[in-house]
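Features as listed in Swiss-Prot:
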DOMAIN    20-111  domain 'Ig-like C2-type 1'
DOMAIN    116-205  domain 'Ig-like C2-type 2'
DOMAIN    212-302  domain 'Ig-like C2-type 3'
DOMAIN    309-414  domain 'Ig-like C2-type 4'
DOMAIN    417-502  domain 'Ig-like C2-type 5'
DOMAIN    510-609  domain 'Fibronectin type-III 1'
DOMAIN    611-706  domain 'Fibronectin type-III 2'
CARBOHYD  222  N-linked glycosylation site
CARBOHYD  316  N-linked glycosylation site
CARBOHYD  348  N-linked glycosylation site
CARBOHYD  434  N-linked glycosylation site
CARBOHYD  460  N-linked glycosylation site
CARBOHYD  489  N-linked glycosylation site
TOPO_DOM  20-721  topological domain 'Extracellular'
TOPO_DOM  740-858  topological domain 'Cytoplasmic'
């Protein structure tokens, strides 16, 4: 109907007004959805006052100035139709109608086609998937005509990959079954419309997220408490995106945001948790949790905190002697649970053999005196039938694999006094002696001395003094007569009880004679083997005197020998003898009382002139480690002077070094620049006119070569050792001179002061008195060779009588006084070559008087 009507109108207008012509530019139009387009309606002709109108495809007249479809009258001859943001409903034939003043009309039409351009409606990027799941990549395409969709990856059609995991679904989505991390990348969704040759594509980024995996480097971590120690727990995590880490302790989160938390420190990625100043409270199960958008996983770490043992409880105890029992207790903490042991300063109780052992652990000593019970962290030590010797310090030690701790406790035992000391004490008239009464008591005891029932000291016994110390009382007696020898009583009293002990002061005697066992003669010497005197006289032997002479001589030669050195081997050596000569020798012993009986003479004959005895060798390694000083100790010369020593040496399994010849007076040989860490042997032979001695053999090993080597650039590298020593000596002497001059002018002392006093007669600052050691025995160096005894005078003891403080004696005070007698005698032999050199003999002060310890030798 519409077309017929339009045709009639057209014929009408053509027939009536051929002069009006209407054109629309463009004559046709295609618009894509969403695009805009305008059309111009132009009128040609002479008509005036024309009206130009636009009509929509549904025949409605379009109003001017609408929002989306706009009509604008430009002038009398044109009008514009504009379609903004076209949609499918806007398609159709639009008509431009021109009406003249006389009512005639002319029109033109334009067919507007609107199509949907190929577009991607729902194709987000990126699209993320979890590894292992079936991924569907979304790509919705809209167009007027159904498009053809092609999926590409890395420039290739995914279908051509022949990977069965890749499927294009009916809705043109791409499905990837069991997507992998390697499938990640850019996928292109490409649409094509063959009819229009239209093509469009969208690149979609596919991200494959990998669930985290986490593993603890150590599932169990050990630490030690209370050492200021830090421990680090580490978890290694993997996944995509990179997982974030968090930690829990026994299920409670450990926050990573507290800046003032000095206990827990996290690394930058929180994969490491450091626990500072570990203590027992830190022992727990720690869980590290790795989390990302694909999931989470955790791992557990058990922190085991061990603790060194610590003694937590001890208690001192007090008991009475003979009390039935007392128990000492020791408690300790630690992990692992410590074992507790007991000891004193003199015995290790826990390591002693036990008579029994039961559980709970109970150990009893063989004598049944001590019982140790242990259970868990507590141990007790029970002492039965308490003795005073049980008093003192007890140490309990707690030990485990981490360490140990010890704590002391004290057992106080109260007991009546107990007295000890040498019962028999030897001395002689005029010689001071100490009678020692050792006292063991708790509480402290009061000590008294008695003689024949009379309390000492008293006016009847002016030659007696008493010195007291916390552990002993000393009765100093200077016998004046036989009446001073005899019994003395020491009595100690405390609130527990009392105890007395009788001492006997015995008059000492000179020693009996030593017995000569045998004489080993050589050409010019003889070794005399002897036994000590059966009776020492109550005091120790100080020296031995050997006398000898050749048969036919009247006078005896003599020499003194120190008792300590002689008693070590029981041998004295006589020197300066003639070869092939018969001699007699005898011995006597000297103690503080005087020279004892002389032994019977023993005859012997020296050997003829012969080769010398081999020297005795002693080695002393040098500080550098590869040098040695070999000392040559001369033995018997065989009756003929030694001419020289022959020395040869070598490293074992090596060639001998050139022989060294030493003068007869040499007492050592230095071997230098030896091989490091090598074993050497040395042979030394003594030679006289009769021949060579047997070789003395000595073996030694040098040190390993040191690793540190001194720098060549040392300032002293160019100086010899002797030059360096000389420089040091000169510097030292100069310092001494400066110090001596300073002391002379400032303090009136020093070497210059000594010269001034002795040569110039100037009085020294110390000339007001002299020092004298109390009870010190010595032998003079003058011609008389008589023993001299220095004793304290009454004037020296005056301060003590005036109430001054007594000097506390020790084991060397007071000292004994030997009887006056010859110490060394020497005759003038007929032969000048046998003349012995004078010998100086000195006694050892602290050996002058001793109590008799073995009464069988009296």
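Cβ coordinates come from backbone N, Cα and C, glycine included.
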Candidates 316, 434, 460, 489: member of the glycosylation sites with the richest Cβ shell (10 Å): 434
Residue from 316, 348, 434, 460, 489 whose C-alpha is spatially nearest that of residue 222 (N-linked glycosylation site), among the glycosylation sites: 348
Residue 316 (N-linked glycosylation site) versus residue 348 (N-linked glycosylation site) - Cα distance in angstrom: 19
Residue pair residue 460 (N-linked glycosylation site), residue 316 (N-linked glycosylation site) - Cα distance, angstrom, rounded: 49
Residue 316 (N-linked glycosylation site) and residue 489 (N-linked glycosylation site), distance between Cα atoms, whole Å: 36
Residues in the domain 'Fibronectin type-III 1' (510-609) grouped by DSSP into helix, strand and remaining coil: 7 helix, 51 strand, 42 coil
Whole-number mean of pLDDT values that fall within the domain 'Ig-like C2-type 4' (309-414): 86
The domain 'Ig-like C2-type 1' (20-111) - residue tally per DSSP class, helix then strand then coil: 3 helix, 52 strand, 37 coil
Separation of alpha carbons, residue 434 (N-linked glycosylation site) and residue 316 (N-linked glycosylation site) (Å): 38
Cβ packing number for residue 348 (N-linked glycosylation site), 10 Å threshold: 12
Number of Cβ atoms other than its own within 10 Å, given for residue 222 (N-linked glycosylation site): 12
